[in-house]
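Record features (TrEMBL):
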DOMAIN    45-294  domain 'G-protein coupled receptors family 1 profile'
TRANSMEM  28-52  transmembrane segment
TRANSMEM  64-86  transmembrane segment
TRANSMEM  106-124  transmembrane segment
TRANSMEM  144-166  transmembrane segment
TRANSMEM  202-229  transmembrane segment
TRANSMEM  241-264  transmembrane segment
TRANSMEM  276-296  transmembrane segment
Amino acid sequence: MENTTWVANHTGRSDFDLVGLFSQSKHPTLLCVVIFVVFLMALSGNTILILLIHCDVHLHNPMYFFITQLSLMDVMSISVTVPKILMDQVMGVNKISAPECGMQMFLYLTLVGSEFFLLAAMAYDRYVAICHPLRYPVLMNHRVCLLLVSSSWFLGSVDGFMLTPITMTFPFCRSREIHHFFCEVPAVMKLSCSDTSLYETLMYLCCVLMILIPVTIISSSYSFILFTIHRMNSAEGRKKAFATCSSHMMVVILFYGASIYTYMLPTSYHTPEKDMIVSVFYTILTPVLNPLIYSLRNKDVTRALKKMLNVGSVLQETLK
């Protein structure tokens, strides 16, 4: 009978109420339309980027393989949260069952954790490409790339499998209102009527490791990269290397900055309104910005896009 904790959890109810974005907005319909447009932009932008990399042989190298995985994670992460938000607003409901909440939490933690380590793998890839260009084909062969990507997915899933069951088996004896627009761990933990201080400490240490290890790899990689760029004789080479790395650093700062606020700052710094704004930033806006950052600042991607558009226009002319 203890398994019913997942379903009814000490209250006789199986649903949570998501007190999300629209309850805080003076213009919920307009906000709903904006989020829907952003969602479509994220899906189309990341899908186009994946197709470009898949179809253009000039983009078949480790850097773009990692970008493909990043785009895939972005498509999945925004699909975990946004459709539920939009459907609830259209249907006029804001409930989510305990199993649905647990599944959403698990998928979200897995994808966020995987992206932490994938960004570290991308930084290592740039380090090898710029600091050891002659050994790059050997050090970053297809087998190594697959190992790095699969390790990122595995470590992310460990985070999901570790935190979700513990969070969802706490007794929820207080209000069932989650002051968030999806089931994020800190927001759900506030509903528990038991002492969660030990779990919160363990979760903090887990998040420190999940963020500290990738940040150490990223900062070390870019320290060596900046030193190598500074020693380059070619101004064109310096410009190209800096452009590639600055795109990645923009993504890293956006993603890790929001994650550190959510999972590592003390609760005294948090309010439901602030938490939702930060979560919107890295769950909804970051998946839109990533394809823009990697396409607009990347000549190879823009060249491949122009080539695809030219092929499309030629086919249209031929069909006419």
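Cβ coordinates are placed from backbone N, Cα and C, and glycine is handled just like the others.
No curator has checked TrEMBL annotations; they are predicted automatically.
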What else in the chain is close to the transmembrane segment (64-86), if you only count residues 6 or more beyond its ends and a Cβ gap under 8 Å? 20-22, 32, 35-36, 39, 42-43, 46-47, 49-50, 53-54, 96, 104, 107-108, 111-112, 114-115, 118-119, 121-122, 125, 145, 148-149, 152, 181-182, 251, 283-284, 286-287, 290-291, 294, 300
Give the one range among 106-124, 241-264, 276-296 whose Cβ atoms make the most pairs under 8 Å with those of the transmembrane segment (144-166). 106-124
Express the predicted model's confidence over the domain 'G-protein coupled receptors family 1 profile' (45-294) as a mean pLDDT, rounded to an integer. 85
Are there 3 or more C-beta pairs under 8 Å linking the transmembrane segment (202-229) with the transmembrane segment (276-296), counting only pairs at least 6 apart in sequence? no
